[in-house]
Amino acid sequence: MTARIIDGKIIAADLRAQVAREVERVKHDLGLTPGLAVVLVGNDPASEVYVRSKHTQTQAAGMASFEHKLPADVAQAELLALISKLNQDPSVHGILVQLPLPKGLDTEAVINAIDPAKDVDGLHPHNAGRLAGGQPALAPCTPLGCIILSKTVHASLEGMNAIVIGRSNLVGRPLVQLLLNENATVTIAHSRSRDLPALTARADLVYAAVGRPEMVKRDWIKPGATVIDVGINRIPTPEGKTRLVGDVAYAEVAEVAGAITPVPGGVGQMTVACLLVNTLRAACAIAGLPKPSV
């Protein structure tokens with residue numbers, strides 16, 4: 001068996017196109033232009049790349065894009081004041097603070113300062129609590145992308161056995177809640193779970209988000225299972241360079257899985273696309289409009 005490759009690049013492009021069509025509709029019919037504000041603190045090169053990508057894709061979708069760059073030594077009070085200003089700005093419907101923040105800043109306090117209605121990263125305790133309670137909420141973008149990718153393979157996840165390897169607040173925990181909302185039967189595991197290979201081998205859906213390069217091996221996977229690899233790890237090559245790999249040993253797992261996401265080109269492609277989805281949904285909710293079709 002050779003696994004079907006779940007091409008995140010193509011799926012994300014289609015999702016962005018759907019968002020753009022909905023944005024055009026709400027702008028034309030309702031006079032609403034969704035707006036996303038991204039706050040970047042410091043000059044971390046990787047963060048700058050992510051922010052540029054978000055800016056480009058936000059504008060391409062027809063949304064308003066607002067960038068706010070602050071120095072690494074910015075005072076906590078100044079950062080919180082900016083967030084308060086964005087909370088009150090009617091042209092801003094989504095607020096994202098690029099993480100990680102420089103040392104000395106209280107990340108939890110910053111996230112908690114964002115208006116939950118504009119929390120398009122889905123990290124505010126209000127949204128996390130609503131998600132855990134099975135209520136409508138803005139969900140973190142990467143787990144949302146995982147669900148969308150899974151549903152390109154399976155029209156319904158209802159009744160399927162799923163395992164989430166990883167328990168972070170950013171991916172693992174919210175992904176479990178989203179899967180429960182899809183009526184999947186979910187096991188949450190982590191690097192210290194006992195007999196992890198046996199747990200994983202029972203799953204129809206495997207989500208690897210533990211941050212360990214190529215940890216999930218071929219003999220962990222039930223034949224025909226769908227494998228969603230959230231990991232992004234850089235490892236050295238014999239030539240003295242580095243390459244990106246996921247948490248799944250891709251080449252060997254692809255021989256037994258029914259479908260699998262590559263790294264790169266899988267889940268990572270979906271994160272910004274789902275950020276656009278959340279921004280559109282937030283804009284409609286704030287304006288008292290029906291939930292968009294995407």
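For all residues, glycine too, the Cβ spot is worked out from N, Cα and C.
A C-beta separation below 8 Å, combined with a sequence spacing of at least six in one chain, links Arg167 (NADP(+) binding site) to Arg173, Ile188, His190. Annotation source Swiss-Prot lists NADP(+) binding site at Gly166, Arg167, Ser168, Ser191, Ile232, citing sequence analysis.
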- Note on the structure: Within 10 Å, the Cβ with the most other Cβ atoms among the binding-site residues Ser168, Ser191 is that of Ser168
- Message: For the NADP(+) binding site, please report the maximum Cα-Cα distance among Gly166, Arg167, Ser168, Ser191, Ile232 in Å.
- Response: 16
